[in-house]
Amino acid sequence: MPNLQGRVAFVTGGNAGIGYHTVVFLAKAGAKVYFGARSASRAEAAVERMYRENPGLLHGQVNWLQVDMASMKSVLAGCDKFRASESKLNILIHNAAHEGREPSNMADSGVQITMQTNHLAVFAMTQELQPMLRTAAAEKDSDVRIVNVSSNAPSLTHSDEWRPDFSDPHGGDIRYPAGQADGFLAAMKRYSVSKMAMNLLTAELQARYDREGVPIMVISVCPGAVYFKPQVDTENVEEMMRQPT
């Protein structure tokens, strides 16, 4: 990890799992880190643990903002609070995700909660924070990055020939990704389609920066199989692995 003194980072879903440890590593490298979380109690407990287990962190180096990626209103409010606190953003990591369940749960954006959390909120937050990312990119020796935490799930749930339908904003895979069926496999397909959308956004955003000559790197990464207690469901994982892709 390079020295990140003077850099500002934002990590969504930073109170647990991959997000938690991402916040810690960035802060230990010297960055000032903000993370988004839905629950105040869990966020405050996470901050307390970070400082307790890493006594070298400076006061005010780790901060949290109430951001629920399943709510567009919450995403926009969180961006407003972040802009009120900082003038630039060097590192934006979209880590928060929805696992694909609750097929009938619609977000305030009018789309199913999985697509809202894993794609639309990512798009909205990135656009809202564009000026701050570009401010950081204009600095000498800038190394601005947008990292989208994705998944290899699409390769497990869909064939190479399958194509999502993103053509109709009022239906298809934007509003109801991969249909409205319930159950574990349907949830995995829903999750996969939302991650496909995230990957397409990643590629398009990088292409636009390149055309403009803006020195910002945008990447999607698959962290691999990571133990995270709320996700562990041995019976359903075994069921998924028995299914042909």
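Just so you know, glycine gets a Cβ as well, placed from its N, Cα and C.
Summarising the annotation, Swiss-Prot assigns active site, proton donor to SER150. According to Swiss-Prot, the NADP(+) binding site annotation covers ILE18, ARG42, ASP68, ASN95.
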Simplified DSSP label at ASP68 (NADP(+) binding site) comes out coil
Quick note, ARG42 (NADP(+) binding site) and the residue listed as 'active site, proton donor': C-alpha atoms separated, nearest Å, by 24
Sequence-ordered list of residues in the chain of the residue listed as 'active site, proton donor' that lie 6 or more positions away and have a Cβ within less than 8 Å of its Cβ, or none, is LYS195, MET198, ASN199, THR202, SER220, VAL221, CYS222
Per DSSP (three-state), ASN95 (NADP(+) binding site) is coil
Three-class DSSP assignment, ILE18 (NADP(+) binding site), comes back as helix
ARG42 (NADP(+) binding site) -> DSSP, reduced to three states, gives helix
Same chain, |i - j| six or more, Cβ under 8 Å of ASP68 (NADP(+) binding site); the result in sequence order is ARG38, SER74, VAL75
DSSP, reduced to three states, assigns SER150 (active site, proton donor) to coil
